[in-house]
């Protein structure tokens, strides 16, 4: 039994199983025993097997024959076990001159042990003989058989085994004695500890008596603390060592988990790549759809702009018509006044009133058309605002989709780069592993080559010795033959009997010489054959070594190429990162440009909204002008007639409209005003105006309506410009110097300001409350709800109220 030195075998998988007593050659058809040792680094399994492989195998399937490895009895995990397998002779290979080796293969197909190479050769008489030096320190060589040599070795090993067993028994006895001593020492230590505790208790009791005992007690405490600290330190060291072992195990488990996670993440990344490709296609389709929608929205915006231009042209046209109608109305009022001055007949007044009513109907119709056009304009502006908002949201969605598409493309590129890098890493790892395997095989082949070379040198020495021995034997034989010839020549003439005897003796040395020559020739032939075989095997091994070197060079070149490819991939990854940074910068610039466009569009929308408000305010001012003209013309006539003393009697029944008012249903008011119908229109009394300018003539404002017309905003409720004329005729312009009408418009002011008391209101103050505050300063007629300025003459106001009770004036319900 050969002893072997323990080394850290966990570094190589081929050293987890060690094969013992492997010979250099075995008989082909004889039973073969395989001795091997299972190290603590392998866990046996019933499906493990030992196979005979030809040298140069690549996988576990290249076995020649195999036997199942038996499960060792009473196996303890982490211990070494010796096992034996017996291969039957008819399963073994023949004498083919190839090298074989034992390999231990696990149930997972992993090769965990390999033996030294050996051959299967038939025994020859020369091979059974061995030469060895004499143990008696003599220069002679002793020729023995292999069996004898092996028996001697077995006897020596058995003796060594017996000696080792005796030594083991002695060592076991010594260990038992040492264990008993350790137990005794531990008991003594425990006894001493108990005694120490007792002494400490006694010392604590005596501390109150003497100060010296206190000092000794402190010294004992210090010693005890040192011992305990050492014990704690040792315990901590033990705990740290155990923690390190546990950490190593956890690191191994974590590495396994990381490997599993990496495989799982690889599968997830492949799935994610597929999904991202699908999302990329969907993004492309969505991008195309959004571009189509953008084009549609742009076309709709263009059509709405065209409609807006058409509406503006229609509004300008109607404004021109309103101006023309105002001029016509002014001319008609002038004609009415001239007719009132020239004639006082009822028929003329009826005709003039009829014309005035028709003009008022036309003005009212145009006013309703203006209101409808304002509604349509507001609807068009709202539609345009909605389309602009939709366009803005579509652009934002488009930019968002583009950003997502760019991010997806970048992620795809990064994933592709990561996968390529992983592939290169795995390939590099595999190539390195193959190079290490080839280096190991080269080392094994070199060792085998050295052994064969040494054997060849030894055989060459034996051949030289045999040739020297044969030459010496030939020289001795020739000397003997020469001496014998001389003796024969000397005794020829003496006795014929002796000559006959010499003749009879002569053939015996020739036969011995012939036998010796035959034996030496046979040995020389066998030695030459063996030398030829050895040289052939040497050449084969040399060729294999050269092939392995060529393969190593080839793999080294491939490794260099793979490193170059990896560097190129790294450069490509850096370029891709730079491109991504440039794309991000361009995208940020595009975002800034889009923000500028959005800000420009918002400013444009604000300008459009301001223009819209200006248009509405202008329309409202035009409406107020028309209302002021319609209401101020009879009021001026009334005041002039009152001052001159002329009162015209009007019939109680108002004329009915010839074609009716087509906008009567839409002209309804809320509150106390009610609806204006032709038969319910009430006017103040009219008298002949006098053009004297001595007294102050006040043109009162029309009655203010507390309700808003349909389709108009709060900021555009019935307001009138302060600089607007009260009447279009020259007399009204002259009267403007004595009394002016009240008008305010809050759409142009940031804060609302009362024009009478100078009180400021916030911009978001309710318009109806603001109007109530302003109206509270005015004098209101309790009958007709007509408003008068605060500085209006009280007597004139009372006279106005009294006119409602006159018999010649229409009653106001």
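Yeah, the Cβs are placed from backbone N, Cα and C, and that goes for glycine too.
Per Swiss-Prot, the features are as follows:
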{"type": "COILED", "residues": "144-627", "note": "coiled coil"}
{"type": "REGION", "residues": "320-420", "note": "region 'Oligomerization'"}
{"type": "REGION", "residues": "489-508", "note": "region 'Disordered'"}
{"type": "REGION", "residues": "663-738", "note": "region 'Disordered'"}
{"type": "ZN_FING", "residues": "751-777", "note": "zinc finger"}
{"type": "ZN_FING", "residues": "778-804", "note": "zinc finger"}
{"type": "BINDING", "residues": "781, 784, 800, 804", "note": "Zn(2+) 2 binding site"}
Those binding-site residues listed as 800, 804, and which of them has the most Cβ atoms within 10 Å of its own Cβ = 800
Other than its own, how many Cβ atoms are within 10 Å of the Cβ belonging to residue 784 (Zn(2+) 2 binding site)?
-> 16
DSSP helix/strand/coil residue counts for the zinc finger (778-804) = 10 helix, 4 strand, 13 coil
Quick one: mean pLDDT on the zinc finger (778-804)?
-> 83
